[in-house]
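Here Swiss-Prot flags Glu50, Asp61 as active site, proton acceptor, drawing on sequence analysis.
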Amino acid sequence: MTTRIDIRFAQLKREGRPAFVTFVMAGDPDLATSLQLLKALPTAGADIIEIGMPFTDPMADGPAIQAAGLRALHGGTTLHKTLELVGDFRKDDATTPVVLMGYYNPIYIYGVDAFLADAKAAGVDGLIIVDLPPEEDAELCLPAMKAGLNFIRLATPTTDEKRLPAVLANTSGFVYYVSITGITGSASADSVAVGDAVARIKRHTDLPVCVGFGIRTPEGARAIAAQADGAVVGSALIDALQKTLDTDNRATQATVGAVADLVASLAAGVRGAQQAAE
């Protein structure tokens, strides 16, 4: 199968530049603002969009993304409404890849077959499910692949040579390398260590490797993108959004623009990695 993710990475390879991947939480702080933000991301420079599925117990997420998920849940965002959000985004954008990221529990409750059918129909291209290891591939990974969705696996600094082949076995779309040990937003990525890790992963796979966790500035994005096939930014965008909210955590006129401006500056940093390599 060829997905929008595959097409986008092939395009980026022809252009000789890394991908800029943005993460936002579905329904944060409300569904209408969330849709406006999604529509603004590609124009600002996002090559791939990851959309968080709000969940009550997000164990891998730091304070910023946890708070975003709670705002979304309090605003009434459900997994069904998250898929509707993707469908609404697709009415105006048929090309930007969309990856849903989150935890297995809401999908299990929704029903795997129903979720995969509805996700595919909405225009979802891939899934990142952080609490499903390769040993559980039969639960969701293999059915997702059969449904035509990429299943993107996480590799970490603690994923050793013995474990890596299992992690990569049924991965498609790209590999998401978590550059730090710990929760999101908790530290800065070390570009030298990242370069070594990406090289190690690439000895085992031809898939693109994108690096996330710990990227907050254009300079940081540029340094990481120079070592990988893409850079992922989430917590910094969530922080920028949160700073524009009113005292009741409602969106203001500044909300979408503030995030889009940061995306544009980070995207320029990622594109600077291409120029530095030339």
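Keep in mind that glycine also has a Cβ here, set from the backbone N, Cα and C atoms.
A gap of 14 Å separates the Cα atoms of Asp61 (active site, proton acceptor) and Glu50 (active site, proton acceptor). The number of other CB atoms found within 10 A of the CB of Asp61 (active site, proton acceptor), across every protein chain shown, is 25. In sequence order, Val21, Thr22, Phe23, Val24, Val98, Val99, Leu100, Met101, Ile128, Val232, Gly234 make up the list of same-chain residues 6 or more apart from Glu50 (active site, proton acceptor) whose Cβ falls under 8 Å from its Cβ.
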